[in-house]
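Q: Can you keep this structure in mind? I'll have questions shortly.
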Amino acid sequence: MDKKITIAQIKEVAQQAYDLYKTNTDGKNADYIPYLANINKNLFGISICLLNGQTIEVGDSEYRFGIESVSKVHTAILVLRQYGAKELLEKIGADATGLPFNSIIAILLENDHPSTPLVNAGAITACSMVKPVGDSKQKWDAIVANITDLCGSAPQLIDELYKSESATNFNNRSIAWLLKNYNRIYDDPDMSLDLYTRQCSLGITAKQLSVAAATVANLGLNPVTKKQVFDAELSPKITSMISTVGFYEHTGDWLYTSGIPAKTGVGGGVMGVLPGQFGISAFAPPIDQAGNSVKAQLAIKYVMNKLGLNVFNGHRVTIVD
């Protein structure tokens, strides 16, 4: 079935979503990371990046917030770029754990691999794999350059967030050294954890994340900069991982109700990929008990359902002026 949607319709629906949910008071800021606890809880932004490079923005789409776990997608892409899909599967894996994002039990249950680069254990392993192994500065430069390629503009380290996370990341320290015990980390554990903590502390905007999502939706071609960031055949690999674990143990419910693969972070950001159509991101600091932004979820679901879009419905969708 063919379906046409106008850019005006997308703008209208995005504005409706913003107006509908901007006063929602459900959820609360992440309180286990001091910096995040103090962010203005009323911030709310939506951005959609079309594959022609046009962005549709509503609300606080240019506010720079902590990227947190959404960064796992970016570093997974970097590992895919440097090693290829086969080696990522062998060294990390692509299975959903069905457990919370910071689970230590998942490592004990599947000690032969960390399961997926989109949970903490796999993301720390991914940071350990980033080349050149053994050189923290060059690894960090590669991580930032990759995010810049995907987003079309550079992120900025939020130093206060980095210090806040570094002082409270006891669980992740346990994960890093447990991975070492099972020979599933490929560089110094403390260095790898520090890189992971730093990448989670990068400041990003909803607009930047929508461009990154559109780059994935556009088979690795950044629609804004026109740069081929990664090989087209890697796009289904990363999208499939987002589909299965983007919302951790609640991914099934999310995909069932929204129809779009998306990755979430406790900083309040959600980044969704609709292959061949657009990237969408929403941001609002209050999160639910699973660590997912309440308003960002509601907004993206509204846009998808109101426009009748779903990654599984088989429609041939054309977006027109």
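Each Cβ is built from the backbone N, Cα and C atoms, and glycine gets one as well.
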Q: The substrate site in Swiss-Prot lists SER69, ASN120, GLU165, ASN172, TYR248, VAL266. Which one of TYR21, TYR196, TYR302 belongs there according to the record?
A: TYR196
Q: Using the structure shown, find which entry in SER69, ASN120, ASN172 (the binding-site residues) has the sparsest Cβ neighbourhood within 10 Å.
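A: ASN172, out of the binding-site residues SER69, ASN120, ASN172, has the fewest neighbouring Cβ atoms within 10 Å.
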Q: If you count Cβ atoms within 10 Å of the Cβ of GLU165 (substrate binding site), leaving out that atom itself, what do you get?
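A: GLU165 (substrate binding site): 23 neighbouring Cβ atoms within 10 Å.
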